[in-house]
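> Have a look at this one before I ask anything.
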Amino acid sequence: MEEVSPDTETPLAPQPPRLLERRVRQQQPAAAILKSKLKNGLTCSGPKVRSTLMGFFPVVRWLPKYKLKEYIWGDVMSGLIVGIILVPQAIAYCLLAGVPPIYGLYTSFYANIIYFLMGTSRHVSVGIFSLMSLMVGQVVVREVFDAGFDLSEDSTPSPHELFNETLDLNFTGKPELTVELMGMQLGKDSYAIAVAAAVTFLAGVYQILMAVFRLGFVSVYLSAPMLDGFATGASVTILTVQAKYLLGLKIPRHQGYGTVVVTWFNIFANIHKTNLCDLITSAICIAILVAGKEIQDRYKDRLKIPLPTELVVVAGATLASHFGEFNTRYHSSVSGHIPTGFTPPQVPAFSIMPRVALDAIPLAVISFAFTVSLSEMFAKKHGYSVRPNQEMVAIGLCNVVPSFFHCFTTSAALAKTMVKDSTGCQTQQVSSLISALVVLLVLLFFAPYFRALQKCVLACIIIVSLRGALRKFRDVPAKWRASRMDAIVWLVAMSATALISVELGLLIGIVFSMSCIIYKTQNPKVSLLGRVDDIDLYEDVEEYKNLTAPSRVKIFRFQAPLYFANKNSFLKSLYKAVGVEPFLELAKTNGETNNFDVFVGLVQKELEFHTIVLDCSAIPFIDSTGMATFKALVKEYEEVGISVLLACCNTSVIDALQKGEFFGKNNKDISSLLFYTVHAAVLHANRAAEEKKAEDSVV
């Protein structure tokens, strides 16, 4: 194809392809780079110390700039509302974590204080979270069961007996089973919180190590559909675990896989033992809670503050249970004594940690992923930035430090974060401090008043809070229409989490999500290209109309990286698209001549094209296998008289080809194999074919 002058309409002389000149980058020796980093890291100065402290404790940076008159009322109102909501939730989520209610209050208090000092987000609410509580509870119940405790027993000892050397007789007059830990005899509740504190300590350590080694990229492997499906599956598990409390059934929490299936089987097997008092209370509480949520959702634009439905239900149910004597008269299970004040700090039990080391890994990753994703989401919404690495440090210390004060794993919670955002919160840290003060008042004065609170009421609060997650089932058809692959990832993660276990569900979700990406690269879209009218633009002939395929040139596009896993897919798709497989053509020729000499000239006359142009614009990178594949293609097609040219390669692909000497020694063939546009490659191919034809005619 000749180029024509627009003025004279005469053919222009063929121009050699222009090669762009690469910049020369001087790379410093590794020893020099390491020496420079060590020098910068070990030097100490006043400004550097101040900058480090301000980075580690962001409160030092933003507190002097806090606009008291402008921000304080919104932060105080937001903190009070979240604190009021937080108290019943903190008590309720202890049912999931398998520990007495007081420890949920401890966890909420310490997490808010630490995030006040170290957090960078202005809106994220960090504290007790249902998913984290469930995952901690799985570990706690397993370890308590392995220690020999009866999982069907109700908790009777006071939490202030934690780490006492001996325990008195229980209400049955029989000595309670104890386990020796760190030289002390611990009862069931004491041992449970010891396990929770140990796994929380490890999760926090993992998060801090991830921050130190800049491993925050791990969270990118948690795709949004996978996380969404995992959270929904966990919500199904949470609902199942709490269902027995709604009916007042005293059945042990299932250990191992298939919690949802086994638990529902046990519930229906024991349905005749339903406690009518708990059932009626549950029905009333769920009706009130759902009505409150619906009113809140419908009139959220008119209501300036959220309705404290949970607090109203807890207060009313506690009064009814106390004056109605539900525990003694109807054998309804209640929260029991919740003491005031704080227990002395205690070093986490290191002897437990080897058994829970693996369990802490998903806790650390999920806690970090939820916290950072929520932080970035609200930062983008309100026009400021957060530091993901500092968020990882903050949430890590929100786990490490409270583990010394009998707390369990925390994370950012979407529901409370949304409440803060809707109630005028300007600075999350100040709002969290107010919420912590509300929890402190309960810890110091009001905790004992929750003694008569029925566990079924707490279960109702947990189950109603899952409405948003369970509603995700309605979005499955829309997900399927938008992206079948994402919908399948969601379904697999949800099903594995709900039907197998939370931990394995997370692992299966991650592996399946990554497998889908690998599948996409192994089976990418391929296409032959045609020219758009008379301009130098080439596109997919199957996707666009009125495209003209260039004469005797096949242009092939492969839309994926070319590496060891999809080499065969690349070759098969290329052979199928162009309709010529070199080995088969050679076999045909050999069969016609009955010898092993290949007459290339005879084969070339039978083919409809003389050149294949590989459009590499959609190939982000290649490895050594991909480079070897390109080499083999050039050689194989050359044997049947077909040239292979490359077009639109990015610099990383070019560098890989140069290192593998694809263009020959010293890149001597680069100008005849590599082109910066598809059109330039087509022009070169036709020009070379004409020159070869002229030579053959002379011969």
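Backbone N, Cα and C atoms are what each Cβ position is placed from, and that goes for glycine too.
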> Match it up for me: which of 427-446, 447-466 does TrEMBL list as transmembrane segment?
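Spelled out, TrEMBL records transmembrane segment over residues 427-446, not the other listed ranges.
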> If I go by TrEMBL, the feature transmembrane segment sits on one of 229-247, 267-285, 305-323, 628-646. Which?
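Spelled out, TrEMBL records transmembrane segment over residues 229-247, not the other listed ranges.
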> If I count Cβ-Cβ pairs under 8 A between the transmembrane segment (427-446) and each of 71-93, 113-136, 191-217, 229-247, 394-415, which range comes out on top?
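Looking at each of 71-93, 113-136, 191-217, 229-247, 394-415 in turn, the most contacts to the transmembrane segment (427-446) are made by 71-93.
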> As a test of reading the model: what is the averaged pLDDT for the domain 'STAS' (543-685)?
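Averaged over the domain 'STAS' (543-685), the predicted model reaches a pLDDT of 85.
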> Using a threshold of three or more Cβ pairs below 8 Å, and leaving out pairs closer than 6 in sequence, do the transmembrane segment (229-247) and the transmembrane segment (490-514) count as in contact?
yes
> Would you list the DSSP helix, strand and coil counts for the residues of the domain 'STAS' (543-685)?
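The counts are 71 helix, 22 strand, 50 coil.
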> Against the transmembrane segment (394-415), which of these stretches has the most C-beta pairs under 8 Å: 191-217, 229-247, 356-374?
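Per the Cβ count, the answer is 191-217.
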> For the transmembrane segment (191-217), what are the same-chain contacts with Cβ under 8 Å, counting residues 6+ beyond its ends?
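Result: 97-100, 103, 136, 139-140, 143-144, 147, 149, 159, 162, 179, 181, 346, 348-350, 352-353, 356-357, 359-361, 363-364, 367-368, 372, 388-390, 392-393, 395-404, 406-409.
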> Which sequence-distant residues neighbour the transmembrane segment (356-374)? Criterion: at least 6 residues beyond either end, Cβ under 8 Å.
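That would be 121, 124, 126, 129, 131-132, 135-136, 138-139, 143, 195, 198-200, 202-204, 206-207, 210, 216, 218-219, 222, 227, 230, 386, 388, 391-392, 395-396, 399, 409-412, 414, 417, 502-503, 506-507.
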